[in-house]
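Lifted from Swiss-Prot, the feature list:
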ACT_SITE  86  active site, nucleophile
ACT_SITE  194  active site
ACT_SITE  196  active site
DOMAIN    3-225  domain 'Glutamine amidotransferase type-1'
């Protein structure tokens, strides 16, 4: 399986994402610059955290216009797994690939610590290796991670089982304790916590690795078993 890590000016978690795939998952991965127009050679696309384009205007607001995002849109339409973490989640929302918005944290402070997440839906291509309602420890590092959507959108997210992760103790004011959501099709996941920073016990825990293992399992079942 071959992954692409999209690198924007200001990305700073791309190396962590690359390490998670190459060294921990053991799969092929490339850094792909934001001006690429073709992602056809990749099986999964990863949008890392950071401060793309300095987070001017709004987090992710400029990145949505990058050439690579047109290719990401195409990959999403093809059903390829798209994972956006932290700033990557913000970019997915700004691009319209996921509903809602990310606002300033409720306390107006940047937060950097490990939090507990509850797996709300373990039937997605990103969460199949977890147990339903499993509680996992994953780091956060954001100033604008307060997820917001209107009541109608929240109702749709809940009815369609699109809420992948919730905070056990809400750190930022996110509506309904939401930490991560998938699109209706189930192949695009956005989450504020950083699973790529929790893939090695030496780094404090490996509970984030199952996100990437789930993607790999889905790909093998779809393309290797059926080959």
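Quick reminder: no glycine exception, Cβ is built from N, Cα and C everywhere.
The residue listed as 'active site, nucleophile' and residue 196 (active site) are 11 Å apart (CA-CA, integer value).
Of all Cβ atoms in the shown protein chains, 29 besides its own fall within 10 Å of the Cβ of residue 196 (active site).
When the alpha carbons of residue 194 (active site) and the residue listed as 'active site, nucleophile' are compared, the span between them is 7 angstrom. Burial estimate for the active-site residues (86, 194): highest at 86, by number of other CB atoms within 10 Å.
Classification of residue 86 (active site, nucleophile) by DSSP places it in coil, neither helical nor stranded.
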